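Contents: one structure, followed by commentary.
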Amino acid sequence: MSVLTSLPEWKNLSDIAASVKSAHMRDWFAQDTSRADKMQLEACGIFLDYSKNRVNEDALKGLFDLARACKLETLRDAMFSGEQINSTEGRAVLHTALRNFSDRKVLVDGEDVMPEVHATLEKIEAFTASIHSGEHKGYTGKPIKHIVAIGIGGSFLGPKIMTEALKPHTVDAVKVHFVANVDGCHIHDVLSSIDFEETLVVMSSKSFSTQETLQNTLTAKDWFLKSGGTQEDIAKHFVAVSSNVKAATDFGISADNIFPMWDWVGGRYSLWSAIGLPISLALGFENFKGLLEGAFEMDNHFTTAPLEENMPVLLGLLGIWYRNFFDAQSHVLLPYYHYLRGLPAYVQQLDMESNGKEVTQEGESVDYPTGPIIWGSEGTNGQHSFHQLIHQGSGVIPADFMLPLNVPNQDDTHHAMLASNCFGQTQALMQGKSFEECYADLDGKGLDDAERKRLAAHKTMPGNKPSNTFLFDSLTPQTLGALVAMYEHKVFVQGVIWNLNSFDQWGVELGKVLGNQVLAGIQGEADKDNFDASTQQLIAKFRAANAPK
C-alpha cells in the first residue's frame with residue numbers, strides 16, 4: 001500500500017464515495033434549493049457552476065483535507081519560489097515568472113530571472129511593431145505579409161490554439177500559418193500558397209535540433225533558396241526561438257533575431273515565453289500581453305485564495321474524486337464557442353504529458369490510477385456524435401462545459417441556441433430521464449406492455465453524470481490567459497496529490513530517440529538486428545516501396 005492510499009484522509013474519502021454512489025444529484029437539487037448558489041465560484045472573470053457534481057459537503061471537506069495532508073500549499077509555494085521541483089531533471093518550474101507583473105524577484109540558482117524576462121518581452125514587442133509597421137522588410141524591399149510558424153508540441157499547440165481562440169483580435173498586416181507535423185504535405189501546402197519575398201519563418205526549438213521542426217525549417221530554407229533568395233538573405237526572412245544560438249547563426253539567422261528559451265520553462269508551458277512570438281505577430285503585442293495578464297491574475301488567485309474558494313484546487317480535487325473513487329478513465333472538454341474548439345487538444349497535451357506517469361517522485365510504482373484521457377470537441381457538434389457515450393455509456397465521464405455570454409459578430413438567435421444547447425446538456429446529464437417517464441411516453445403508441453418496457457429501457461437516461469460549467473462575459477485575451485492558467489494549476493494540483501513529477505516527459509523523449517534510430521534503419525545506416533522482427537518487417541516494406549524504380 002502506497003503512502004497516499006494509506007492516508008486516513010484517503011480511506012475517509014473511500015467511505016464517503018461508497019455512500020455518494022447510491023445518491024442521485026436530482027434528489028440533492030430537490031432537497032436543497034440553494035445547492036446551485038452554494039456551489040459556485042468566480043475568479044478572474046470566470047464563473048464556475050460546480051453544483052452538477054456528485055459531491056456533497058462531506059465529500060468536499062474530505063477532498064480539501066486530502067489536499068492539506070498532501071502538503072499542496074507547501075508544494076505550490078515551492079513551485080512559485082523557484083525550487084527545483086522537477087526532480088528528475090534538476091530544474092525549477094517557473095513558467096509563472098513569464099507572466100509576473102509584480103515587483104517580486106524570481107530567483108533561479110540565486111539569480112533574478114525577471115530582468116531577462118522583461119527584456120525578452122520588450123524584444124517581442126519591438127519585433128512585432130517592426131513587422132506590422134513594415135519597417136522590417138524582406139530582402140527585395142517588400143513588407144512581410146506571411147508568417148510561417150514552425151514548431152511541435154508545446155511550441156506549436158499553444159501559439160496556434162491561442163491565435164485561433166482570439167481570431168476576432170487578428171491584425172490585418174500579416175497572416176500566420178502554423179506547421180508542426182513532419183508529414184511533408186502540410187509544409188508544402190503552406191509554402192505553395194505564399195510569396196517567398198513576403199514571408200518570415202519563425203523556427204521554435206530550444207535545441208534547434210528537434211527532428212520535425214528542423215526538417216520543416218530546412219524544407220522552408222530550400223524553398224526560399226530555390227525561389228531566388230540567397231544564404232545572405234536568410235537573415236531577413238528567418239528568426240528563431242532557441243537557446244542554441246550557435247546552431248541558429250550557423251543556419252543563417254541573425255543573432256539579433258534569436259529569442260531566448262530557458263530550461264526552467266517546459267514546452268507545454270511555453271506559450272507565455274518567446275514561443276508566443278507568433279501570437280504577438282498574429283494578434284498584436286498588447287493582446288499577447290493581455291494573455292499574460294490574465295494568467296498572472298489566475299496565478300494570484302491560485303496562490304492566495306483559501307483552498308475551499310480556489311478554482312484550480314477545486315477542479316483538481318474533483319478530478320481526483322472521479323479518477324480514483326469513481327474509476328473515471330477520461331475527462332471531456334466541451335467549449336461551446338467555435339473559436340475555442342482547439343482548447344481540448346491543448347489541455348490534452350498539458351494534462352496527459354504532465355500526469356501520464358506510473359511512478360511516484362520516489363520512483364515507486366503507484367497503486368492507484370493517475371492521469372485520465374483528455375478529449376473533447378466544440379459544441380454543439382459533439383451532441384450529434386460522442387455525447388451519446390457520455391449520456392448512456394456504462395462509465396463516468398466528467399465534463400467541462402464552457403460558454404462566452406457575449407460573442408462578436410453574431411446575431412442573437414445563433415448565440416441563444418448555442419447557450420440553450422449548452423445548458424440543456426448539463427441538465428440532461430445531471431437529471432436524466434427515468435424508466436418510468438420513458439414508459440409513460442410510450443402510452444397510446446399501440447405497443448403491448450412487453451414492448452413498451454423494452455423500448456423504455458433503451459430510452460432511459462440514467463443521469464447523475466457530473467459536469468462543470470464555465471461562463472465568461474466574452475473571450476478576451478485576459479480571460480483566455482486565466483482559463484489556460486487555471487487548467488495548468490489544476491494539473492499541478494492533481495500531480496501533487498498523486499505524488500508525481502508533472503514536469504518531465506520521459507515517454508516523449510524515448511519516442512524521439514527511437515524515431516531517430518528507425519530513421520537510420522530506413523536510410524540503410526543501421527544494422528537491422530538493432531530492431532525487433534516486427535519493426536524490421538515494417539522498415540523492409542517501406543524501403544521496398546521507396547526503392548529507386
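Just so you know, glycine gets a Cβ as well, placed from its N, Cα and C.
Features of the protein shown, as given by Swiss-Prot:
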type	residues	note
ACT_SITE	E353	active site, proton donor
ACT_SITE	H384	active site
ACT_SITE	K512	active site
Please classify the secondary structure at H384 (active site) using three-state DSSP. helix
Go through H384, K512, the listed active-site residues, and name the one with the sparsest Cβ surroundings, counting other Cβ atoms within 10 Å. H384
K512 (active site) versus the residue listed as 'active site, proton donor' - Cα distance in angstrom: 14
Quick check for the class: what is the C-alpha distance, in angstrom and rounded, between H384 (active site) and K512 (active site)? 37
What's the number of neighbouring CB atoms sitting within 10 A of the CB on E353 (active site, proton donor)? 22
